[in-house]
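According to TrEMBL, the protein has these features:
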| type | residues | note |
| --- | --- | --- |
| COMPBIAS | 1-10 | compositional bias 'Basic and acidic residues' |
| DOMAIN | 135-264 | domain 'Fe2OG dioxygenase' |
| REGION | 1-30 | region 'Disordered' |
Amino acid sequence: MFSFHRDLHVPVDNPDPSSTSSTTTAPHPPGFGTWECPLSPVSDFNDSEIPELPCTAYYIPNFITVAEEQQLLNRISNAPKPHWTHLSHRRLLTYPSALTPSNILLNSPLPLWLTAPYIPRMQSLNLWSRSPHGQPNHVLINEYRPGEGIMPHEDGPAYHPMVATISLGSPIVLDIYEKNEMRNPEEKRIPIWRILQEPRSLLVTTGELYTGFLHGVEGVDVDEQLRPGQGGIANWELLGDQEGFVAGRSTRGMRTSLTYRDVLRVSNLGGKVLGRR
Ligand SMILES: O=C(O)CCC(=O)C(=O)O
Ligand SMILES: [Fe+2]
């Protein structure tokens, strides 16, 4: 089920490609112990699995076309200004609306320009087959100018533990950090894995990676150490344009992320009361 047989940059303690049980062992760096992974939530998708990471992350370059990327960017730039939430190091759009303080989504459809054809395309890969609503119902759109980023965080229990991110504009590196790292608060966190997200790619993070780790984007003007191997880019072998990064660095432009999620608790009543149905 997992792609253990592929070339790994890190040793695998207990590879068992013939396993048919419902849990199995994921590749992981030495010293991290062994984690049990549920079977991949996605079938026909194994070639996109990022082998170094704990279960599970998938990376698909060129998930959308250049024309689709442009259409999405146009729609986003036409979003009414008051809809943007300005945060200290990025700005954010939330569709169809922000969750209530108790993490409930007031039921309302996502706009068509965000759903078709992208959600059916994800579903054709069985991406949302194990999520409660069978499809995403919430999309957060983040916009980062060069030098901007997002602090290490986890996405939390409001969602089915899976995020599917379409990237637009500029390449950017997503850093993955240990959650309960023992460190001096003054010390800079060091990511244990780095994922390079090319424009038009789809990154899916789920399972242990969703629940057991933090993720963030460093606020830098240039992403560096773009190369395979330890300290480099975990999805190097899966990149669509490896050639474009052989210099080892990438200057940030404006980068927009569309993060698709399935909110667990949905209220129909709330939507009606507010006249949103
Ligand atoms: O922009 C990204 O790819 C990450 C955004 C993120 O982590 C979030 O919206 O929770
Ligand atoms: Fe996040």
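Glycine is no exception: its Cβ is also placed from the backbone N, Cα and C atoms.
Remember, TrEMBL labels are computer predictions, not curated facts.
Averaged across the domain 'Fe2OG dioxygenase' (135-264), the predicted model reaches a pLDDT of 94. Per DSSP, the domain 'Fe2OG dioxygenase' (135-264) is made up of 13 helix, 54 strand, 63 coil.
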